[in-house]
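Q: Pasting in a structure now, in structure tokens, and then I'll have a few things to ask.
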């Protein structure tokens, strides 16, 4: 049977774990359609009878030869545990923070400065096709810049992520790349000029979160304009999707005597 043969050939699976989220296990006994339990052997040597049915079989683990791939789409099995494991191996063991998922770049925030954003790295990615070199924010920026110059069409790079993921820094690196490869002399620090307006928008659009004391609670759409020589001539930033509940207002306190509201001191 197809299912039984599949679970015999690939004898390692992922099972949910309350502490590690996902835990690897080896199938100790061949599965047959209709079996209610799957006999598993955990990595610590513990045997486990895992309850299953035909519609809830645990996800299969990728062969070791595929672990650490720089493109998630190259994995035989692309599911949550496979993605998390691949990212962990690249980040913890290979010290790599970038991974492709097709045309999407996944970035892990190392929470420290890395020597991978200098001018030498920029020039190394300039003119290269996306996928020719290791995953990098510069590769994404180069692809957008090349498509704009070649096809004379507007390009967009979407930078998204949770609070503290590093969205602002990633946008800064992309703008630095454009300023360098376009050889825009007077606009060599365009990213600094654009981000200099941040304090104004952050004054009314930031809030403290569990992961970031100064988290931007609004989306930023930045337009970078180029001339016919593909050099930067200016930039415009406007906000969108502002969480209006974050807009500052005067605090109030309850007056127990008058049973009314009064301005907080």
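Glycine is no exception: its Cβ is also placed from the backbone N, Cα and C atoms.
TrEMBL feature annotations, pasted as is:
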- 8-62: domain 'Myosin N-terminal SH3-like' (DOMAIN)
- 67-265: domain 'Myosin motor' (DOMAIN)
- 161, 162, 163, 164, 165, 166, 167, 168: ATP binding site (BINDING)
Q: I need the neighbours of the ATP site defined by 161, 162, 163, 164, 165, 166, 167, 168. Which other residues of that chain put their C-beta within 8 angstroms of the C-beta centroid, in sequence order?
A: 109, 212, 215
Q: On the DSSP side of things, how many residues of the domain 'Myosin N-terminal SH3-like' (8-62) fall into helix, strand and coil, could you say?
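A: Breakdown, helix to coil: 2 helix, 25 strand, 28 coil.
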Q: For residue 168 (ATP binding site), just count the other CB atoms lying within 10 A of its CB, please.
A: 13
Q: What mean pLDDT score does the domain 'Myosin motor' (67-265) have in the model?
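A: Over the domain 'Myosin motor' (67-265), the predicted model scores a mean pLDDT of 83.
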Q: Taking only same-chain residues 6+ apart in sequence, whose CB is under 8 Å from that of residue 164 (ATP binding site), what do you get?
A: 109, 209, 211, 212, 215
